[in-house]
Every structure is written in C-alpha cells, then in structure tokens.
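A short write-up of the structure that comes next.
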C-alpha cells in the first residue's frame, strides 16, 4: 500500500504530464455479453469481448465464477487486447459466469457478469414406442419426451412421413413438444414421429415413431372440453420481450378457443393469435400488458376456463449515472446514481473492485455516496452497482484528489485595475491550490486590515468601496496552505468620473420632421469613451437603420443622435449610454410623435335598409393630434377596390362615431371601413366590417342598347345588354319584352324569367320581311315590375337576294392577281343587297374547297391576289344580305399569266466618269414556263435613306447622275406580264472620290457618310436593245 506522501508525489507527477497526455482511470468501451456456444460448432473457439481505455494502459484480468482465470496454467486461454479467447471450449470446465477486471495506476473497475453456456441436443434413447389405441371421437395426447439438451428447442411432428399441420383439431405444444388431437378421426390412424430442433445449433433429431390405431369397441360420445394444455398460474414476462401463452383442449365436438383478460380490459391490438388459437402471442411486452388472462374452451356440451397471471419484470436500467470528480483535499464528494427496474433495484458501491462500506467519513445510503474531508487515500475508481433478481448493471467514475501548494502562474492578479473616484473595485485572487489557502493582502508593504470600506471575501477577493485618490497603488495577494505560500501583485489606478453635461431632453415632434437629441459629457481624456443609444430598450443599429438614425457631434465628448424623417414608429424612450473603462452612465428622454390618426376600431353595421346603412365605430389613437373628421368607404363584389360613399351627416367630425351611409344599391353585399383624419394627414383605414346585404327593392335600371334585326324568315330578333347584377335590386330578376308593328297601338308582351337573357326571337308567318317594329324592354324582380327602356325601331328578318349578279367578267393582271367585274341583278329582286360574295377555286381543286371574298355596298368589281401562276381558275358571284346569300351566277374562267423570270440580272458592272454612273448587266432569259422579259427596274437609294426610287428601262444599261458625297445602294430586277422577277443582290456604289472609278456587283467599298443632297439628276442612255 502506498503512503499518502508517495501518492502525492505520484499525483503531482501526473499533473505535470497533463499538458501532454490525458491521464485517467480505466473506462469500459465494450463489456462482455452472455454467450450460448454450440457444442457442434466447426469453429472451436469462444470469445468474451472486453475493450477498455485508460492512461496508463489498463491491465486486464478475468474471473470465472469469482475465481481468477490463470492464463498461464491453461494453454487454451489467452487475452487479446482485453478480450478472453478460449480454444477448444469444454462444457464441464468452461461453463459459468465470467467477469472482466481492468486496472491501472488510478484504480480498478469490474465489468458486468457474462454467462458462458453450451448449446447441444442429444439423440433419443428409445428406439421404439408402444402403440396408442383410442376410440374414434376420443381426445388424445402423444408425448414427445425430448432428449437431454441445452438451449431453446422447437417442436414439430411427422405423420406417415409427412408434416403434421396444426389446425383447430391438432396442436403441438412448444413448451413440452407433445402433440394434442382434440377429437380423433379415422384419417388420424398412422405413425407419428416427434421432430426436435435446437434453435441455437440448428441440430435436429427425430424420435421413435408412435403408432396410432382405432379401437373396435365403439365410438366416443360427445363430451365437454377438457383443457390439456394451459399456461402456468404465474408467467413472468420481461419488458420488451415476446410472451407466448399456450392453451388447448380435447373434446367432442372439437372445442373453440377464446382469449380474454380477466379484468375486462381489451387485449392489446398488437397481440396475435395463431391458426388454432392455441397460442396468444404478445410482442414488445410492457407494463400495461400485465394482468390476469383467461383461456375459454367451449363446445356444444359445455366450456372450461384456464386462468393465469402474467407479471411484468424489468432488468435494472440507468436513469442517472455517476461522473468523474476532481476535488481538492479536505472538501466533500457526493455521488448519486438512479436506476429503474422491476422489482425496484437495490444498490451497492465498489472502490477499486472491492465492496465499499459505511464508516466515519463515508456514508452510503441506497444510490448515494457521501465522502467528507477528502484525503489522498480516497482517490480511486468507484462503481455504483444496481441489481434486482433479473440483472445487474454497473456505473463507473473516477475520484481524483488534488493536493498542491498555491500557484499563481495561470491566474496572476490583473496588472492594472482602473476605478473611478467614489466607485467600487474588486480585485480577484484565484490561485490554484488544494486545500483552499488562507488569504492576506498588502498595499505596498503594509498589511491591509478590513474596515467599513475594505473587505476580503472567503475566496480571497479584495473589495474596496467609495474609492478615493489615496486608494491608488500596488496590491499583493498572499495565499498559504499546508504545502506552501505564493503571492501576486497588481496596481489600482483611480480616475475622475464621467459626467453628463448636456443630456437629451424630451420632445414633441410631427411626422416627417428631423431632430437632434444631444448627449455631451465631461470625462477623463486618458480613457476611451463609447456612446451607444437604445430605443425602447433595443440597441440602435446605425448601419441597418441609417435611413433614420445618425450619430453626430464631431468630438469625443459628444454623442448626439440625429433622427431624420421621423415616423410614428419612432415614438418612445431614447437612452444615451456612455461607457469608459471605469464607469458607465446613461441619460434618457421621451420622444412624442404627432401624426395622422391610427385606424378606427370595431366598425359595425347597426342597421341596414335597401339603400342605407347605419354604422358605428370606436376611435383609434389620435397620435397626439385631435381627429377632425372621418371618411366612410365601401366595397362590394362588383366594385374596383374601396370607394368613398355619401353619408348623413355629409361631413362626419372627429367627435362623431356613427353615420348613415346613403345611396346604396338594393340587394348588394356591402362591407364598410372608416378612415380618420387630423390636421397632419389621413390615417390608415380600419379593418373591414362584417359583410351585409341591403334589402330588396323594385328594379330601376333598364337594359341598354336595345336593338335587333337579322334572323330567319318570319322572325323578329330583339337584343339588349343585360342589367348588371349589382343593379337588379333583388332576387327573381327578369325581363319583359314589348313590341308592336310600327304605327300600331297594341303591344305584344313576353316575360323572360332569367337575369342572363339578352335576346328574344318572335316567330310568326305574318311577319313580313324587313318590316319595322317598335320595341322596348322592361325589368322585374320579386318586388314587382320596373320601368321600360325607351322605344326603338327594329326590323324583322329580311329575305336573301333572289337574283344572281349579271355580266360576270374576269381578267388576269399578273401571275398572282386577277380582277373580276359584274353587274347588279337584272329584274325585280325581293331581297335587299348589302354586298357581293366572290367564290374562286383552281381547276385542280374541288368547288367545295373554294375560297371567298366579300365586297360591301354597290361595289361591282374586286381584285383577287396571291394566286398560282399559269393556272386556270373558276369564279362565281352571289349577292348577300343579313339573311344570307342569293343564287350564284354562272361560273367564268380565267388563267393567270406565267410567273415572272426567276433568274436575277447577272454580271452587273458599273463605271463612273465626269460625275456619272453607268450600270451594265447581262440580259435575263425567261424559261419556258415563265413570261417574257419586258424590261428592267433599277431600285436605288442613298445609304442613309429608307425610301427607294425606281427607274424602268427596256435596255440592259442605265446612266445615273449622282452626288459626290453619298454612297448608293442599288438593286436590279426584270419585269414581265407575270409581274416582277427575282432581284439582284444589293450593290453598294461608294461616293465618287476621283474622276474615274469602276466596279462590279461583287465589289465593296468603305464609304464615309456626308450630308444629303436634295436633288438628283438622272439621265438614261441605251447601250443595247433587247
């Protein structure tokens, strides 16, 4: 056993190394777990894992059933990185409980216990079994009698070399392996073999066959259920486990199995019943699943009940563990650990792997450990152990006891402490020391004595209040304990206090104004000073709120605040805070902002009629300026936004909180809001009122644009614009259509009960074509009839023209254009003519695909464009009016001319001499399917102009008189009876810079743009004839 002095030296040495290495006791990273090892495993090796960290590296040893495992005495054992390896494990020698023990210079900890068991399954000893003889209808049990084994088993049966399936008549108990047949039938005769499987090793063995035969002495009569398989009276179930309860009965008829809880509670929905209902399975078992369960077996002869109690248990589980503690000598240690479990866990404590008992300084009470007046011998590894009959858990922690002389190396006194006259100063003295030292203070060379101004706290800090200039100087803290003495010195510098000379003053301003709140001080200029401002308790961010706030002043003793374009939101308390390294002070002012009123509140519709609404409201904040008036606004589903409405009184003053809105439309849903105003401006509107609909009234607005005409023979068509919904004044809105022949006295009336109706057609054989009628349209709703529209004249449907146009003639103008001529119909024509319709189609097309164009009025010719060249077209003409088209004229034929030449002029050459430009080009030859060339068009323009001039010539040259200071853009194309041919590429002729120049169509030139000349002289000279 080490002496306390040796422990102190060792601990001091470890603390010296702490800067480079983290020294600590053992800590389990992985603890051993229970192992079920298959005896027939091909890998003849068992590993019990144990991984530990610590510094110094811990030494690992193992215990088996409480006795140390001697690795050196048995070559089969080895420890690899803490884990225990057992080669060729032996069931007799190696079965038992193992524990890993880890030790280093800080102490020892023990792991949880881990059991090593061996799984095996031997063969059945008996070779044959006796024949079982039963009556038909009798219940039967075939015993399995599994051979010696270790590890969980599963059971099945083979019937005549085939698996025996379980159903409501047959059941295999997984507890005993026995096969139960509730009621034997003739088909059950045969050989039965029990099949046993070890679920750990997967090894399977078959029992000897048991023959089953039927007796010849009759059939078993009916009898009530006899429960042969039932779960125990008490079934302990672990938290989170899967619980299986078995129950099966013999009987005739075959009994049904029903499960229920004896306390009347429903069985959890998560529970499952197997095919035969002989097993009730409850997964993830919890406290609420515990209770009394009943199995009810019933048939027509009666029923029987088996009962059992399923109890809940849980292994201990940590709720609170212990943690490492570093404590100074002579102080106290308190640890507490808590664990859940059922039954409730008990606690014990270990120190360095050995039991820890209560004695003078050590008090143990359940999960608490209290050590007083700690000394070096208390250092070590501690473990709290919580256990119940279902398990044991361990929590570990290290207790380090610190013993050292006072040391200021890392906690020197502050070199300079600044304080103001009249202020307070605290000089901290925090040396590292264990146990706690005794403190004394010196000022200069004199020991400080406590008085009403000077106190020394228990933890060594020096406090001086009401500081004066004489308190300046050097101060030394001296710390002493059993192991030595140390000191540290610092200086106190006393400064004059800061004073606010010009504080901010409260002000009353108007929205939009700008002000400056002053904040000017006197202070010790050897100290840095910082001004900050808060607004309603929040620090002003001058970067974020720079649009409104700015620091002004220009000197270190002034921190004035400018507020620009003040808004209502800027009203509140402003605080100027001044801080130096020795003091902090503040000055506050209130800013009152006058502005437009806030929104009125609680706008309510007190009463509403067909055209009025009585409103009331509560005033909102006046923002420090009396409200002078209110404006009422309304909105409907048909309005564009909010609209001001008329009220009584016409002007609502600021002391009136009710008004009547007039001029509303009946049967329209309205909502209202109020806007307040004062001398400063108009405020925000109130929240909208509830929506209310005005009452119904007679309609007052008549349809607009009453007209008509058209339609079919013997019809009078009357049309109008519907009355908007907001002007219909009520439900059941419709129209009354009145009409009479012009000059007659009696009106004919028709009622249309639809607000959407906008057209009425009167049909009668007596209606003559294009006869005038007087027409008016009235309105009505559920309240009654409203007015009629003004009377207007509408003509009945007219008759389409009855005669075709005469003298149809067509001529070709070009390859794409033709012109058509005709004369008005000859003889009496009953229908009015509004114009003519020309139909045309190519000879290769069908007439039904013909195109049509129309003329208006008396026009008797038209031009048709965009046709195909050298193609035969057929044309016919009809007269038309609103009733339709009349008969068609006879068709005439016309052939468009051949297309113009497709080849553009080539080999274009130009020469300039004596201010003239002479252009020459090759003659264009038309193809066989093209019309002959009649001449050429020369298109030219100045470089900076968009308008183009044209010269026509039947020659292949042209002479132009051009200015000297402008480029020319020129194109040339042929023309023929078929129209204009393809154009040449554009030619740029540069301005004339010398007396002679020449070029071709491919040449280019860089030209400078000069001022335009207003006149161009052009002369033509024939070079060759076509």
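If you go along the chain as it appears here, the first residue is 1 and each next one adds 1.
Cβ atoms here come from the backbone N, Cα and C positions, even for glycine.
Segment annotation: Swiss-Prot labels region 'Disordered' over residues 685-710 (candidates 685-710, 711-736, 737-762, 763-788). Mapped onto three states, the DSSP output places residue 466 (N-linked glycosylation site) in coil.
Within its own chain, the compositional bias 'Basic and acidic residues' (687-696) has Cβ neighbours under 8 Å at 599, 601, 603-605, 608-611, 613, 615, 635, 664-673, 729-731, 781-783, counting only residues six or more beyond its boundaries.
Within the set of recorded positions 466, 519, 911, the entry lying nearest in space to residue 247 (disulfide bond) is 466 (CA atoms). For residue 384 (disulfide bond), the same-chain residues 6+ apart in sequence whose C-beta sits under 8 angstroms from its C-beta are 321, 322, 335, 337, 347, 349, 367, 369, 394, 395.
When Cα-Cα distances from residue 477 (disulfide bond) are compared across the recorded positions 50, 65, 191, 295, the shortest belongs to 50. A distance of 122 Å separates the Cα atom of residue 295 (disulfide bond) from that of residue 954 (N-linked glycosylation site).
Residue pair residue 375 (N-linked glycosylation site) / residue 893 (N-linked glycosylation site) shows a Cα separation of 131 Å. In this view, residue 295 (disulfide bond) is surrounded by 25 other Cβ atoms within 10 Å of its Cβ, with every protein chain counted. Most Cβ neighbours within 10 Å among the disulfide-bonded residues 144, 337, 519: this distinction goes to 519.
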